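Participant: Take this structure first; my questions come after.
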Amino acid sequence: MPPLPLEHRPRQQPGASVLVRYFMIPCNICLILLATSTLGFAVLLFLSNYKPGIHFTAAPSMPPDVCRGMLCGFGAVCEPSVEDPGRASCVCKKNVCPAMVAPVCGSDASTYSNECELQRAQCNQQRRIRLLRQGPCGSRDPCANVTCSFGSTCVPSADGQTASCLCPTTCFGAPDGTVCGSDGVDYPSECQLLRHACANQEHIFKKFDGPCDPCQGSMSDLNHICRVNPRTRHPEMLLRPENCPAQHTPICGDDGVTYENDCVMSRIGAARGLLLQKVRSGQCQTRDQCPETCQFNSVCLSRRGRPHCSCDRVTCDGAYRPVCAQDGHTYDNDCWRQQAECRQQQTIPPKHQGPCDQTPSPCRGAQCAFGATCTVKNGKAVCECQRVCSGGYDPVCGSDGVTYGSVCELESMACTLGREIRVARRGPCDRCGQCRFGSLCEVETGRCVCPSECVESAQPVCGSDGHTYASECELHVHACTHQISLYVASAGHCQTCGETVCTFGAVCSAGQCVCPRCEHPPPGPVCGSDGVTYLSACELREAACQQQVQIEEARAGPCEPAECGSGGSGSGEDNACEQELCRQHGGVWDEDSEDGPCVCDFSCQSVLKSPVCGSDGVTYSTECHLKKARCEARQELYVAAQGACRGPTLAPLLPMASPHCAQTPYGCCQDNVTAAQGVGLAGCPSTCHCNPHGSYSGTCDPVTGQCSCRPGVGGLRCDRCEPGFWNFRGIVTDGHSGCTPCSCDPRGAVRDDCEQMTGLCSCRPGVAGPKCGQCPDGQALGHLGCEADPTTPVTCVEMHCEFGASCVEEAGFAQCVCPTLTCPEANSTKVCGSDGVTYGNECQLKTIACRQRLDISIQSLGPCRESVAPGVSPTSASMTTPRHILSRTLASPHSSLPLSPSTTAHDWPTPLPTSPQTVVGTPRSTAATPSDVASLATAIFRESGSTNGSGDEELSGDEEASGGGSGGLEPPVGSVVVTHGPPIERASCYNSPLGCCSDGKTPSLDSEGSNCPATKAFQGVLELEGVEGQELFYTPEMADPKSELFGETARSIESTLDDLFRNSDVKKDFWSIRLRELGPGKLVRAIVDVHFDPTTAFQAPDVGQALLQQIQVSRPWALAVRRPLREHVRFLDFDWFPTFFTGAATGTTAAVATARATTVSRLSASSVTPRVYPSYTSRPVGRTTAPLTTRRPPTTTASIDRPRTPGPQRPPKSCDSQPCLHGGTCQDLDSGKGFSCSCTAGRAGTVCEKVQLPSVPAFKGHSFLAFPTLRAYHTLRLALEFRALETEGLLLYNGNARGKDFLALALLDGHVQFRFDTGSGPAVLTSLVPVEPGRWHRLELSRHWRQGTLSVDGEAPVVGESPSGTDGLNLDTKLYVGGLPEEQVATVLDRTSVGIGLKGCIRMLDINNQQLELSDWQRAVVQSSGVGECGDHPCSPNPCHGGALCQALEAGVFLCQCPPGRFGPTCADEKNPCQPNPCHGSAPCHVLSRGGAKCACPLGRSGSFCETVLENAGSRPFLADFNGFSYLELKGLHTFERDLGEKMALEMVFLARGPSGLLLYNGQKTDGKGDFVSLALHNRHLEFRYDLGKGAAIIRSKEPIALGTWVRVFLERNGRKGALQVGDGPRVLGESPKSRKVPHTMLNLKEPLYVGGAPDFSKLARGAAVASGFDGAIQLVSLRGHQLLTQEHVLRAVDVAPFAGHPCTQAVDNPCLNGGSCIPREATYECLCPGGFSGLHCEKGIVEKSVGDLETLAFDGRTYIEYLNAVTESELTNEIPAPETLDSRALFSEKALQSNHFELSLRTEATQGLVLWIGKVGERADYMALAIVDGHLQLSYDLGSQPVVLRSTVKVNTNRWLRVRAHREHREGSLQVGNEAPVTGSSPLGATQLDTDGALWLGGLQKLPVGQALPKAYGTGFVGCLRDVVVGHRQLHLLEDAVTKPELRPCPTL
């Protein structure tokens, strides 16, 4: 019989392997070899399997896997068809959800009874439904009607039903930032303000951000006056009038006051916030002054020669110093009170300082019981309980027998329940006794209960009873409920071996269970759960099999804990380790206990005897005794088995090892031990990420990714409790077998779930108790809650059930029971309740209404379409309905396709081709005006706002979680929209037939999306291998958007990408995503459109990079993209993307069925104008893509009653379908092949689909706009915003055709110039702010008679005036903006020196507070020429000359890349500004991209041309000042540290003036590649980057740094791991990418180190992402304590100047006296004094001792003297020390020191010797020492991380007296010998304090500490003399203060 042919479908034919393809060569030899080898292999196979007498048949061919390539999303699974095995479909699992009422609100605005029902609905509807929040969707914000005051804030309860006013208990994690309180006091943060208000019960609120008086810190400035701008509240530093030049040229101001000169007048006016103007030169005359004395603080004002008293001159600053006046009004400061006096013309005397509103708090005198706190809620005193407890887990047993996580939780529960609960004892309670077999203690009842909820997981296990269980959780639930000892025998189904089941890893061999051997175990010890260390995990499993006990891998590495106290970290308590070990083993740490600090308080006498076998093989009488033994021995001990221990029955060893995981079908996991469950490491621990506490193992289901959870634990990774369970923490801390059931009483609880941390249930009003089962005295809990009648009815006749409950008689009693949650499939559709809330189905509505005791009925089937007041039903009535409300989706009886609504009153549905045509009509209606339609549409959608989320990060910013409702679906024809109050909540736009717009929130009103907002769209192309854990294979069916496969695949891809984008770096502007097309690629090519906020600054590379980062960190099976990722994830920057085809209204319900109306015109290639991508679109977009169609519903009105008569056929025309939208007029083209639309005002586009945004005029140098003549005879105020592409051009001009008068604004040499002439000569005012090409600038000017002011970008006004003579400005020409007509050029050039117009844009022009409508300039101008439209893209049009390439930068700035021979910002200059070189000497000249040249000054020179020689600063430190173009070139970091490639510790102190710039950079190459390390500022955030060869690690500071202040930053790298710390803030950790082949842990550097900038940023590594230099000052660059900013390390300095803004670098007034050295310490300093001087400023002289005095001691190398650190014995003799002798830095026995300070004088000839030592003797620990090594003095200290050695440059073995000063502050150290510059350094990141034994040694030590790697010199005693020893700024008496006093002798004289 011939073999049957194999049948395969073409698209399922498996691809040929590479081997077969290789052999398919048309070669006879190859064919012969192949046939021979195949025949030989077949013969061998036959012989090896042949047995005589046994016949076999060939195995039938396996049918093809029909589910391969079938993508099922949202929890559905693929199942083959029963009728047709060759077909398959996606079906939802028939899971039964728990009958639990825990309502949740989904992102589809529907309420579900619990989370399981939500997930079922997600699968059934095949759309993403997220958990929006706990509680029903219709619930209002509980804080909406609550007003909290006196410092408290509103906090909703966990169930969202109630709200409380609580005071903040801590401000940890709250945003910092000074705020001004309403009491006029500054607070560090708003949280601190609220805490203060709560604590003092004062009505204080935040008045302003920032300090109340921003000038508070500037009062000591003698050269400036600080004034707070009342508008911006920013301090303005104004020059004092006293510092004006002493010239006597009196002038008269317009306030009638004579001033010394013009400078004095302008400065006095500025200080008062006024613009004082000169009336005349000389003294004021009588006519210039007011005739009467001005009263009530009014000021004299002279206008047009008429002086009068005015209140306009009473101007006040913005400082907030509240004053309460007698009129009961609070004024911001006293000036405002004076202004009020002036305006009211009456006296308003002050009453007191501070605000008037000092209403006493209602909480004054109130007493709250049970630890509650009184807060003010809605104006009344209310006692509230504190709910939030911070801190670790420290369990206590309460007097109620309940275990609480801490004392705080106990007190909070006592307050909540209103009862007194005391701490009975430390540690957990044991109320239930011993709960066995995994049961948990229910403390309220004292019962042991079994958690029974198990998450479905396809991981069966074999139990020790020989039965197979669906999961390990099911096994433990069975063991608990049946109270039997049961454990997992093996994974998988049970397979018997003879009559037994092999357990603990044993395998069946020859009918006997044997244990496999470990022949080649992987290296690495592991710690078993029995406390034994095994050499490998394999040996652990072998031991478990041999001993037949359960042994799990507790952790990697040995079990022996680290010895406590072995090596100091430099900080922390010594007993921290012992405390942790004690706590881990069940003990309580008590320092006062007599039996030892670790107390094992176990009372086991009352526990019933129940023997257990311990893991140590010892039998204990109870489990309590085992725990006590575990605590006392402090060893790992657990119950190995129930009952007494028996001798282990050792299973025989298997002679050969079991098959390795490499021999399994899918190979090994990454641990090389666990067998993978599928391709791509599916089911492996590395991909599952199972929670180690909530799951049984690290493996998971290879298809769904579901881990094997413990009972009551849920989540994909088993990381949370299931609804209805709580206390996940108990699994971790108390070893619970799973989560604890909530056990809420259904009669008293409104929900079946509870709070996760406390287990409290949500009770009905009047019901109390943690489980809602308690009532007040005299009441009993019934079906209606707490009832006064305690009798319980017996029959249902006596019962009356409400809210849908039904009566049930059982156990002799009658009770009301709410309906079940289970509905038949026929009734599983959504329903709209009478409360306006959409519910999952009818049963869920009834159950939720019953449990919450609400009367809710079914309003309609399907989701709610408009707000319905509770209990009110819409009634029918005839009315005049707007047209668009009547346009409904009318479906044909024979058609299942819903149609797009028309824009007229009649709809003609499009029938299927096989269906008869059906005409459906609607009643006539009155058409609404466009304004009516717009207002109604606004009213419809205004409630589609966002709602509060659940707090989940994955929901943050989610489009569906935003609560956007559709709300715009029309009511049935003839119905009335009932509006009883505001709507509660609306359905999501995804419930509307036309779906959502591209913003993902707005429902589309029509298929064209006419109401949709604009979006910014990017197009991406992705090569996909799989999505949601399922492989993707391209089939032709995917190309059809109408196919089911396309729809399912599109929904899965869109949902996954939506998740990724919403957690990415671009999530703030991301709106939605839509799959455009699926095509063939390497696997499947997906083209997507990503829609963003139209104002976003993100570009296509940002979108692509954000998606790549999310793909790399997300779950591997979520979205599988072909590798390498960067080559298969691409987003396009430039492409033509027609707006009209960017989406259709295709919601999920409309899916593919909705026909999209498009034009039938053929757009020729010539008529299409390509434009820059990304495109802007206002089209609706849904979750799936609808097909393009050329059919459109007719829009002409037809008679309903008149039948249609066939007429002559004519060729269809393009305009028949009326394609022009929004009232546009359609005109057919003569060719008959297209049409054109004439759009109405405000519309544009091919079919008028675009909203024409207001245009900004653009000028090209010869363009201009002409407006009517300015009216500016005596006064003019003008504001203008412009963007220039060139540095020269006319902005504005108005002149006089016959006279000299004119007014002009122009750009000249890159600055704004304001000129005007009143007839007696021009005034020229030039701004000091440079104009940057491509950036928007704002200028403001004013003119009053001959005086004028000009300010650009908020600069201090530039003031000027025209020559005296005529004052008025006579203008008669047109006002020209942006340029001039040709006939005016010559005149204007002569007057302004500018003869060309502006090249750029002007977007705002305000004249005398009247804004000209430049956006509609076509209607406003008198004349125009050559004016275009200004684009948002700075390079459109191209501003660069000579064909230069334009590059767009941030904030609308561009950069022209000039070709050779062209220069300037737009490459318009042909002259090189550096030829000839204008710089002094050898300073190099650099051409700037913005135009001009820059001299790079070397060290010692400064100035624009390096012409200034800097004076020698002497001993002053050098602080480098950078201007954004300067830099320092130093030796590379690798030259300072030998092991820099492995690790690095660097510290930097800087002050930034600009938000961005490079701080330091060191690289390997100069081609933009290679390793590098960099630190840079990006928008005020620090970024520490380094690349070790595989990609850059980016570590970014969490908070932005403050500009203008000194900042200290610490950088650390060890291998691939790095850390960044700013100041004392938290450390931010990061890691560079990992490679599988090469470790990439070394940093290879070869180039110099650049600080503050670089000579050429294009040569830096691209991964550093820097393009600008640093603007600011750098004080310190320290590498492991070694200062790098010194002359010896600097190779080149370019334009670096000394920073003069620090006290240590001021030209005068050196703060350190008597030759002391000033050491910068960020913003402060420290003085290092020379010999003979001391004090903070070296102001104190040290009195020299006599030669023979014992205060000068001699040391002979064996003289070792001990002192108490930082204390003198003379002080110890005082019982009560004198206050003036106390010092807070010096304690009697300082053992943990944050700082050290030593000064001494020494004389010696020795080259070696230990001078001073602080530290423990005899062990390795922290120390600090002064020693002489090779004739130089060394300061060394070790705080626990790594020693630091500072070496002096001065030799001390000269037999001369030298003064030595050593200082340490935290990790910073300094050493100074004589007059040398101090040597400074720093220890690595880590400890900051020195832990010692409190002793200080002089002269040496008898024995050095063991283990310290110290030079030999430290072991040699000091030989020489010491005197004048100062310890901690205190003189040390060498004789009196000595603890050990060997034979001492004075130092001999020379």
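In case you wondered, yes, glycine gets a Cβ from its N, Cα and C as well.
A quick note: this is a predicted structure, and the numbers were derived from the prediction, not measured.
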Participant: Annotation phosphoserine per Swiss-Prot: which of the candidates S569, S946, S1214 has it?
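Facilitator: Record lookup in Swiss-Prot returns phosphoserine for S569.
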Participant: Of D1822, D1830, which does Swiss-Prot put in the Ca(2+) site with L1839, Q1889, D1891?
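Facilitator: Looking at D1822, D1830, the one Swiss-Prot places in the Ca(2+) site next to L1839, Q1889, D1891 is D1822.
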Participant: Could you let me know which of S571, S1635 shows up in Swiss-Prot as phosphoserine?
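Facilitator: That would be S571, per the phosphoserine annotation in Swiss-Prot.
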Participant: Across the domain 'Laminin G-like 1' (1254-1430), what does the pLDDT come to on average, as a whole number?
Facilitator: 89
Participant: In which DSSP state, out of helix, strand and coil, do we find S1717 (O-linked glycosylation site)?
Facilitator: strand
Participant: Please count the residues of the domain 'Kazal-like 4' (303-358) that DSSP assigns to helix (H, G, I), strand (E, B) and coil.
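Facilitator: The domain 'Kazal-like 4' (303-358) comes out at 11 helix, 15 strand, 30 coil.
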Participant: S1717 (O-linked glycosylation site) has how many other Cβ neighbours within 10 Å of its own Cβ?
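Facilitator: Around the Cβ of S1717 (O-linked glycosylation site), 25 other Cβ atoms lie within 10 Å.
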